[in-house]
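Some notes on the structure that comes next.
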């Protein structure tokens, strides 16, 4: 298993043998196909983080269902920002890997 | 480390985002044309209504073309949300002007994606979009031809009915049987 990117709270890795991605959320590690990783990226990009500070999202929480509703997570503002950074960094690293491969 | 992204996806990830945005834009355009068709139908302009019904179907075809391209090449196409479609128009001329503006916006958006494809070296998507570049040129030409009629024909009373009939000819010229 190769680590692709590490953020403050989470770690993204890939397994060449199974051709799957893994995200370690601290208390739980979730396996992703590439399609499921793309879906997570899309969900994170769709989150309007401004709502966390302008009072529209008063609790500052986001509920994310992952891998076709196999997993359900509740994240606070800092965790969402960190997860966004993780996914951004993961795809950036994978792009570099594509260039080098 | 294996290049799993490339194994799964032929399209560059950033281009994938732009293509999904384009899907939304085509869907909005299709819905806007449907609203224009409805306005024409209510105002007895049957040929213009038919013109916009066909235009709406065409925009949906464009959307589906991109939709299939994404899914066929390992990406995920997202079904777009369409809201706030304008149904209020002051005249048929305003409708055609709005339609031309809409086509220009789509052309610009397609060109922008092509430029980004070149930056990201995504030649497959660039090649796929060549069809859209030609199609947009034809769409703009059709709308310009329609708008020119308003300079030539007085649209008061029977003139508007005459102009409406001419719209059918423009459509037939653009799509010969």
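In case you wondered, yes, glycine gets a Cβ from its N, Cα and C as well.
Taken from TrEMBL as is:
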BINDING   B:26, B:59, B:62, B:103, B:136  Fe cation binding site
DOMAIN    B:9-154  domain 'Ferritin-like diiron'
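Positions of the features from TrEMBL, shown on the structure.
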residue	record	Cβ neighbours (10 Å)
B:26	Fe cation binding site	25
B:59	Fe cation binding site	24
B:62	Fe cation binding site	23
B:103	Fe cation binding site	22
B:136	Fe cation binding site	20
* Structure fact -> Residue counts for the domain 'Ferritin-like diiron' (B:9-154) under DSSP, helix then strand then coil, are 116 helix, 0 strand, 30 coil
* Asked: For Fe cation, what surrounds B:26, B:59, B:62, B:103, B:136 with a Cβ no more than 8 Å from their Cβ centroid?
  -> B:25, B:29, B:58, B:106, B:132, B:135, B:139
